[in-house]
Amino acid sequence: MSTTVGQVIRCKAAVAWEAGKPLVMEEVDVAPPQKMEVRLKILYTSLCHTDVYFWEAKGQNPVFPRILGHEAAGIVESVGEGVTELAPGDHVLPVFTGECKDCAHCKSEESNMCSLLRINTDRGVMINDGQSRFSINGKPIYHFVGTSTFSEYTVVHVGCVAKINPLAPLDKVCVLSCGISTGLGATLNVAKPTKGSSVAIFGLGAVGLAAAEGARIAGASRIIGVDLNASRFEQAKKFGVTEFVNPKDYSKPVQEVIAEMTDGGVDRSVECTGHIDAMISAFECVHDGWGVAVLVGVPHKEAVFKTHPMNFLNERTLKGTFFGNYKPRSDIPSVVEKYMNKELELEKFITHTLPFAEINKAFDLMLKGEGLRCIITMED
């Protein structure tokens, strides 16, 4: 790889030229990394709902043309000035949010919301110089959440790169750079269920099932899956879900249904849909005295959370979480180790595999609601 150090690399990338239109495979020029940046060779990437959301560009600032993608795994090709903890050949996961290690958030054991590198969906350039590292015929192609993994090579800030065990299979652990860690950490790091406890999971997509996986790992004895789509229930059993509730089957609020099932409420709940009614239900279904509800899903910008203050005074706790409260550089390597020592199972999240040339099929699968994670193989 050393022959490319300091040089512009021309490679294939799937470019989103405009909202909602199929990605186009293009030859792009990828500039060398600048100060505190790393250039990565992406080997595997997967598709997350966030990619689809910003590709559709409904309700946010459309930034096009851009290279989407943020769940991935690869190898360091070269490093920019000032980068000391990474070297060419290192196996890494790029992450959509970062850890500068210098700000108040990074120095706090309680936060992972880095002031410098926190996710910014509107920024299509590198923070170092306000320029893009991607171009076609000299014209810039914008970045996406600092990662842009739908390209054979990408440039990422060093603070958004987790160095991992080189023995870890990159085609499996790539899913840990976003959704799976988000759900897993919401349970293990924030809800913190104890062995033998009861947990309700609202929403049984990939993030919700990762939250269920966290409850399974923690030793919860009852894991109640809540979803409006009954076809998800069978698959959820693989992730430790023991019981299912479809709110459509009942005439009363689902929080009342769960309270009756569990002698007053579950010990913990994790909400992974982003629907405000589900968020309220997730809070109101936990037991008074000790119940903890954790919100993961991102709500509509106009949504308002309404509940009676007595629900708090009766000693219920409501928490929020971002990326499972994991610090990308410090914590994600240990999540990879959970997979390596067979504590965490990742294979069951991976339902499809496609070559890079067929990336638009991955969008079709997600739009149809088929499968959980589709791994896109960059090399033919």
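Every residue gets a Cβ built from N, Cα and C, even glycine.
Here Swiss-Prot has Cys48, Thr50, His70 binding Zn(2+) 1, and the candidate from Cys178, Cys272, Cys285, Cys374 in that same listed site is Cys178. Counting other Cβ atoms within 10 Å of each Cβ, the lowest count among the binding-site residues Cys103, Cys114, Gly208, Val296, Val298 belongs to Val298. Comparing Cα positions, Thr50 (Zn(2+) 1 binding site) lies closest to Val298 out of the binding-site residues Cys103, Cys114, Val298. The Cβ of Cys48 (Zn(2+) 1 binding site) lies under 8 Å from the Cβ of His70, Glu71, Cys178, Gly179, Ala206, each of these being in the same chain and 6 or more residues away along the sequence. Taking the Cβ of Leu204 (NAD(+) binding site) as reference, residues of its chain lying under 8 Å away and at least six apart in sequence are, in sequence order, Ala212, Gly225, Val226, Asp227, Asn229, Arg232, Phe233, Gln235, Ala236, Val241. In the three-state DSSP assignment, the secondary structure recorded for Cys114 (Zn(2+) 2 binding site) is coil. Residues Cys100, Cys103, Cys106, Cys114 make up the record's Zn(2+) 2 site, and a Cβ search at 8 Å around their centroid adds Gly98, Glu99, Lys101, Asp102, Ala104, His105, Lys107, Ser115, Leu116, Leu117, Gly159 from the same chain. Using a 10 Å Cβ-Cβ cutoff, Arg373 (NAD(+) binding site) registers 24 neighbours.
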